Amino acid sequence: MEMLQGLLLWMLLSVGGVWASRGPLRPLCRPINATLAAEKEACPICITFTTSICAGYCRSMVRVMPAALPPIPQPVCTYRELRFGSIRLPGCPPGVDPMVSFPVALSCHCGPCRLKTTDCGGPRDHPLACAPQTSSSCKDPPSQPLTSTSTPTPGASRRSSHPLPINTS
């Protein structure tokens, strides 16, 4: 009887874990829209733009007795397919490349974290945003698409959540 109770408890916990991972509180790994900041040290203006990144829940496990066995590799939500987009930073001095490239997620999957290409979490040396300055360095996105031949007209506000058209050629 005790073995049957243990088996029943194990089944309930297993099924409950699956239900919890598929619920609305934990969306699965998928491309989502995110607003990022682009800046270069020599260029005076930082701009925000919207692109797609990989984000969401990946099933993982933690050992009950971590000291007895080596850690289990934890999957992360990462790119399956991607392309690169680019934007032109306005106001860069001559001799400084004003183009900034960034990945655009086409599809995502749960897989190992590759430190060369992926932010695997943990502490950061700097925030992923425009550096605070005495003057306003972050600008609203321009009204026209950014390509290698167009330059945005700086806006007046500090931040924007409006999408910035990007060149993804």
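Count begins at 1; order follows the chain as displayed.
Placement of Cβ uses the backbone N, Cα and C atoms for every residue, glycine included.
Which of Cys54, Cys58, Cys138 pairs with Cys110 is settled by Swiss-Prot: its disulfide partner is Cys58. The disulfide partner of Cys29, as annotated in Swiss-Prot and taken from the candidates Cys43, Cys46, Cys77, is Cys77.
Cys113 is paired in Swiss-Prot with Cys120, the candidate among Cys120, Cys130 named as its disulfide partner. Bond annotation: of Cys108, Cys130, Cys138, only Cys108 is listed by Swiss-Prot as forming a disulfide with Cys54. Annotated pair Cys46 (disulfide bond) and Cys113 (disulfide bond), C-alpha to C-alpha distance, rounded: 29 Å.
Compared over the disulfide-bonded residues Cys54, Cys92, Cys110, Cys120, the count of CB atoms lying within 10 A of a residue's CB peaks at Cys54. Within the same chain, residues at least 6 positions away in sequence whose Cβ sits under 8 Å from that of Cys43 (disulfide bond) are Leu89, Pro90, Gly91, Cys92, Pro93, Val96, Pro98.
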